[in-house]
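Report on the following structure.
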Ligand SMILES: Nc1ncnc2c1ncn2[C@@H]1O[C@H](COP(=O)(O)OP(=O)(O)OP(=O)(O)O)[C@@H](O)[C@H]1O
């Protein structure tokens, strides 16, 4: 059996998080897969029995052929012929039964193990810290979950069993050959490597090209995916022709690579045929001469050719499967890497059901000398020495120019990242000491671009509290000023919101998100007000809904509207990650030139609309 994927593969310990080098050995791959196969070892054992059984039957068919030729054909006995044919038919029947069991069990094993593996990988992915997804493209993670696992399914469900079966056939055929005719067996033993060496070596080259071909097809796919995703931008800038041409070039490149591959493959097939039939002819010639000279029977010769072909095809199968096993090593390694990434933020069970407040915890939020930079930009502090207190039940508006760090504060408070210096406390407890599920249970976020799932309104509003009753959902929707527009949707609350909620307007999406937050009834509310102006009516409803939601709750709101700012108990002005001023609107206009400028520029428009919102 092939041993390692690469000649220099040293046994590495797969510790997290390893990089993409193909350092996993074949043995390590087996050990990893074994962890997933072990629960089904009984099935594997049964599959093994079926495999040995069918291999044995296949080999004995050679003996049937010998009987058929010697006793039936050569002796011209129709009685012996029929019994030999009956034996062959009987063997075929047994083989069919055995093959049914083997195929079913082995394929079942492949599908089952990969289903478990997919679940394990997904279960792990959803608990990973968000910064992991900033440094790893989601497309790549998706491809591990689909392509890599599919490859493993093929390996476990097909290739392993083929390799095992071929090895058994090889050994069995060899033994039977040796019994039949020693001279010819030696010829075969020398001939098989001679015939197969060029095929195997050349096959490797073809496989490399096949991989390149697959990669280029993947490029074509991701190119098309991006264009479809941004179809409106493409059309509005009338870039259809350019995109068609660019896509055409990608497809042509893929075709050129495929052309090289098929040319090589065609050549390979031709070489295989020539070598195989050349070798068989050689055997027939030597064996035929032996037969004429009376040194062996016609049946022996027939059985001999049968076994020689079987041996040759067994070796060819093993060499073919060998390439696949190498690719499986890469796929397994990538999956193990993913499974080994440890979340930097520990996530506890993620059980969202109990919606209880933490005993005596007061919903007071304190940022104490917080320093933070994003992992992808370690040299650029996003928050610097920030001190901020949000008293329980009070609201704080965050204002500041773009990139000041407002969203970052909300992310830190949800513990998607940990501060590099200082600490953040909720009710006097450091966030790092609160179970993340408990922490997040007390928070609700209404983002600028609410995330809606491809499901109905019920599901989307219930997302933060799946056990809420229909009445509670409707009450939350009413409080969020969403009930009326939801009722007017084609199927009311049963209406599907389409992919990412695209069938709703911006203001409507926000009100769904507000209803979701109201239903969750959190201790602390985090709001990111929409920058894009809503129409006056939408804004009125959203504003009212927010007021209802903020009532008596600790609220931190990234504010873009004067109405919101005037309502807030306190306003914090941020600039380049630092707190530059804090107070009420009137004070800040006096003491903070930055705030004055922001108020003049940014809050002007909404200021004018204020009467509508009030
Ligand atoms: N995921 C991220 N990775 C790296 N840097 C980031 C990330 N998110 C934000 N930043 C950087 O951190 C700084 C603060 O960004 P943040 O999003 O908190 O600003 P903001 O005040 O919310 O701005 P805006 O009002 O435009 O949303 C910016 O310099 C930004 O480029």
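In case you wondered, yes, glycine gets a Cβ from its N, Cα and C as well.
All TrEMBL annotations are machine predictions without curation.
Here TrEMBL flags 45-327 as domain 'ABC transmembrane type-1'.
The domain 'ABC transporter' annotation in TrEMBL covers 365-601.
For 1-20, the entry in TrEMBL reads region 'Disordered'.
Remote same-chain partners of the transmembrane segment (43-61), defined as residues 6 or more beyond its termini with a Cβ less than 8 Å from a stretch Cβ, comprise 37, 88, 91-92, 94-95, 98-99, 101-102, 105-106, 108-109, 112, 161, 164-165, 168-169, 172-173, 176, 306-307, 310. As annotated by TrEMBL, transmembrane segment applies to 43-61 (among others).
Annotated transmembrane segment per TrEMBL: 81-103 (among others), in sequence order. Same-chain neighbours of the transmembrane segment (81-103): 46-47, 50-51, 53-54, 57-58, 60-61, 64-65, 67-68, 71-73, 161, counting only residues six or more beyond its ends whose CB sits under 8 Å from a CB of the stretch.
Within the chain, the transmembrane segment (162-180) has long-range Cβ neighbours (under 8 A, six or more residues past its boundaries) at 1, 48, 51-52, 54-56, 58-59, 62-63, 188-189, 296, 300, 303-304, 307-308, 310-311, 313-315, 317-318, 321-322, 325. Sequence annotations record features per position, and here TrEMBL assigns transmembrane segment to 162-180 (among others).
Marked as transmembrane segment by TrEMBL: 186-203 (among others). Below 8 angstroms of C-beta separation, residues 174, 177, 264, 267-268, 271-272, 275-276, 278-279, 282-283, 286, 308, 311-312, 315-316, 319-320, 323 of the same chain, each at least six residues beyond the ends of the transmembrane segment (186-203), sit close to that stretch.
As annotated by TrEMBL, transmembrane segment applies to 266-286 (among others). Only residues 6 or more beyond the boundaries of the transmembrane segment (266-286), in the same chain, are considered here, and those with a CB under 8 A from a CB of the stretch are 183-184, 187-188, 191-192, 195, 198-199, 202-203, 206, 301, 304-305, 308-309, 312, 316.
The transmembrane segment annotation in TrEMBL covers 298-318 (among others).
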